[in-house]
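Database features (Swiss-Prot):
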{"type": "BINDING", "residues": "Asp210, Asp216, Asp263, Asp265", "note": "Ca(2+) 1 binding site"}
{"type": "BINDING", "residues": "Asp210, Asp263, Asp265, Asp270", "note": "Ca(2+) 2 binding site"}
{"type": "BINDING", "residues": "Asp525, Asp577, Asp579, Asp585", "note": "Ca(2+) 4 binding site"}
{"type": "BINDING", "residues": "Asp525, Asp531, Asp577, Asp579", "note": "Ca(2+) 3 binding site"}
{"type": "COMPBIAS", "residues": "134-145", "note": "compositional bias 'Polar residues'"}
{"type": "DOMAIN", "residues": "177-292", "note": "domain 'C2 1'"}
{"type": "REGION", "residues": "20-46", "note": "region 'Disordered'"}
{"type": "REGION", "residues": "60-163", "note": "region 'Disordered'"}
{"type": "TRANSMEM", "residues": "697-717", "note": "transmembrane segment"}
{"type": "TRANSMEM", "residues": "802-822", "note": "transmembrane segment"}
Amino acid sequence: MDLDKPSVWGSLKQRTRPLLINLSKKKVKKNPSKPPDLRARHHLDRRLSLSVPDLLEAEALAPEGRPYSGPQSSYTSVPSSLSTAGIFPKSSSSSLKQSEEELDWSQEEASHLHVVETDSEEAYASPAERRRVSSNGIFDLQKTSLGGDAPEEPEKLCGSSDLNASMTSQHFEEQSVPGEASDGLSNLPSPFAYLLTIHLKEGRNLVVRDRCGTSDPYVKFKLNGKTLYKSKVIYKNLNPVWDEIVVLPIQSLDQKLRVKVYDRDLTTSDFMGSAFVILSDLELNRTTEHILKLEDPNSLEDDMGVIVLNLNLVVKQGDFKRHRWSNRKRLSASKSSLIRNLRLSESLKKNQLWNGIISITLLEGKNVSGGSMTEMFVQLKLGDQRYKSKTLCKSANPQWQEQFDFHYFSDRMGILDIEVWGKDNKKHEERLGTCKVDISALPLKQANCLELPLDSCLGALLMLVTLTPCAGVSVSDLCVCPLADLSERKQITQRYCLQNSLKDVKDVGILQVKVLKAADLLAADFSGKSDPFCLLELGNDRLQTHTVYKNLNPEWNKVFTFPIKDIHDVLEVTVFDEDGDKPPDFLGKVAIPLLSIRDGQPNCYVLKNKDLEQAFKGVIYLEMDLIYNPVKASIRTFTPREKRFVEDSRKLSKKILSRDVDRVKRITMAIWNTMQFLKSCFQWESTLRSTIAFAVFLITVWNFELYMIPLALLLIFVYNFIRPVKGKVSSIQDSQESTDIDDEEDEDDKESEKKGLIERIYMVQDIVSTVQNVLEEIASFGERIKNTFNWTVPFLSSLACLILAAATIILYFIPLRYIILIWGINKFTKKLRNPYSIDNNELLDFLSRVPSDVQKVQYAELKLCSSHSPLRKKRSAL
């Protein structure tokens, strides 16, 4: 008999063994009082055929402590762990006896059967079959490692006869696969499925998709339009090395494996090319290297680079026992999910953390030729950071006098692109000239005055560029929280104490944010789940968490540290749903002013909509610590506020315009009512009121001194402090909650319209947009003055009281003429002392830190209730 093939009867018994074992176990469990069946089992059940020796008998007959020296001694060595109690040699035959005090014999046999038969198969199988079994075992291990870690509860697996029996049946069935499987795929029967092992090695000469001259590539493998695997992101590299291995199950070879490469950005992903592999062309059990050329029919690049990977296709039985994998997956689901969700790659951290600040002061232009343009402005770009200067009327020497701060990354190309643009009467924009600055070539901590000639036109730009190192930003886990270390916290507190108030005035403080978790988020995917991540913004500083996949209650447990440049900044935390290569979906947002932070206390914030005016679905848990120097914060209050990066311009909205008109109307009505009150006093409509007003007027005018002006304003602060205004958030919140403000797009696609009519439409739109902005500024200015006296921001109100008290004392002891003289000398000599100083109004800079009524509504913390979700409210109403 051929030793390589089992007998038909043995094969049939081997296939039915798992079913019989399961049935016997169920009977024993149902009748525990019934004694177990101790009938002797046929000795061929442990052998493939009559010609194969009984391995258990061979070991039993061997002298104890000495290996068996028979003809098959090299194949009958069984580990000592297999010789457990309950299996003893009865005689020279192969019958076994089981003790009634031990476990059921069928369980012990099932637990040892897989090992014994595997040894037997390896002993007598042909070399080709041995390679096939070994290959299948390797891929089983790879698939197990991808599905999750090994379970940490061995009693759940070792005691399961179903699992071991199915493993034994699988190994035996794999022996019946023909040895000529590598000749081609046409000879394979239809019930087979396949496992495709992909070793993603590297990419070469990929295309540039970022402004800094590099890309952040990652790879997606798709089959039938579904994404089966997504690689990690390699940041700032056109020759990335992934070195990732993945095993994908394949049901049919009549399809193509799509390989797509994307460039990862903060909000979207750019396409970098694709390729495909025809699965039917692959050879079984053979690893082949494939160099795939990337192509994109919509791109103008001829060479988009290549992707290098190894592919290996193996065959698996179609009726594979699925519960084997489901058991392991169920046992290790929590552990594998925890490892995947808590993984934040070092490359992602490195990509977010900047190590320097580039301060650029745009002073003026010299002999700039504007041509037919009527207005001019400057755009500055460093990587994906972009600023736009204010627009000035056409001039040969335009004076901008603006300052911009960029983040500097030492591992990236530090090329600053500067463009001068012009506008004509028809609002057409045209680039007038460009110039570049290599930031890496500039010295540190030194103001560099540069006169940069423009490339494509006459003229030059004069600016100051200063590169300052920055070491206050970090991303870490909860276990390595910076402020959790008492010594480090003491050191940071000492750095921002009052004794160091005049050292590095721009370094105001430090903010630490613990992003713990979110709950009850909106389901953005069709599966009823979301892939949420958090974006934290403090001014122009942005950091983000990793993505937690398929979860509406994600736990990030990350710690973010921001350097504070302005204590009046607002921390904006936005939750997005990652959507692959598409822009992320909005899941909620919350705005937290720094001065309203309660140190060291975990807080639950109700998420709001994009306009921060209505409650959205879900909550987020944050814990924040704020350490700052009050003197530095006060000095920074009277300097120009930091400009924001260029964002999409706001479009004309009728609802926003109506809201701003109402805001201006309220301020105007307050002034009108005051004038009517004075008029009523003059007309003696009320005798008592007019008498009191007349007496106050006579006493004030007779004894008036200049110090009384700040003193009167100080008394208003005291009055409102003693009797605080009820309802910090005005009634505007009620009207805004019932109004959904959405930007409306006004498009005109009719090609038959005359140019004159189009120009008129543009002109009217510009005028209305300007009126809208002016009305908003006026309304905000009046509301900020009111909120300053209402103690809306105690820090600013206290600072104003301190300044007014000092002004009262100064005006009391120093004559007015000397004060005016000092002020005039300071104004006239300011340019002589500092030629590059930027003019500003300290009072307006102070008021810009006070929130308006709209901002008060946006920054207000909503109360957490059981039905905080508007969706639940609607459902309950139905």
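Each residue's number is its place along the chain shown, starting with 1.
Using the three backbone atoms N, Cα and C, a Cβ is placed for every residue, glycine included.
Location within the structure of each feature annotated in Swiss-Prot.
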{"residue": "Asp210", "record": "Ca(2+) 1 binding site", "Cβ contacts under 8 Å, 6 or more apart": "Asp216, Lys236, Asp263, Asp265, Gly383, Asp384"}
{"residue": "Asp270", "record": "Ca(2+) 2 binding site", "Cβ contacts under 8 Å, 6 or more apart": "Arg209, Ser215, Tyr262, Asp263"}
{"residue": "Asp525", "record": "Ca(2+) 4 binding site", "Cβ contacts under 8 Å, 6 or more apart": "Asp531, Lys550, Asp577"}
{"residue": "Asp579", "record": "Ca(2+) 4 binding site", "Cβ contacts under 8 Å, 6 or more apart": "Ala524, Asp531, Asp585"}
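Long-range contacts of the transmembrane segment (697-717) within its own chain (CB-CB distance under 8 A, at least 6 residues past either end) are made by residues 789, 791, 797, 800-801, 804-805, 807-809, 811-812, 816. Model confidence over the domain 'C2 1' (177-292) is summarised by a mean pLDDT of 80.
The secondary structure of Asp210 (Ca(2+) 1 binding site), as reduced to three states from DSSP, is coil rather than helix or strand. What surrounds the Ca(2+) 3 site, by Cβ distance within 8 Å of the Cβ centroid and not counting Asp525, Asp531, Asp577, Asp579, is the set Ala524, Lys529, Ser530, Pro532, Glu578, Gly580, Pro584, Asp585 from the same chain. What surrounds the Ca(2+) 1 site, by Cβ distance within 8 Å of the Cβ centroid and not counting Asp210, Asp216, Asp263, Asp265, is the set Arg209, Thr214, Ser215, Pro217, Arg264, Ser269, Asp270 from the same chain. Fewest other C-beta atoms within 10 Å: among the binding-site residues Asp216, Asp577, that description fits Asp577. When other Cβ atoms within 10 Å of the Cβ of Asp531 (Ca(2+) 3 binding site) are tallied across all protein chains shown, the result is 20. Classification of Asp531 (Ca(2+) 3 binding site) by DSSP places it in coil, neither helical nor stranded.
Counting residue by residue with DSSP, the domain 'C2 1' (177-292) contains 6 helix, 59 strand, 51 coil. Counting every protein chain shown, the Cβ of Asp585 (Ca(2+) 4 binding site) has 16 other Cβ atoms within 10 Å. Residue with the densest Cβ environment among the binding-site residues Asp263, Asp265: Asp263, by other Cβ atoms within 10 Å.
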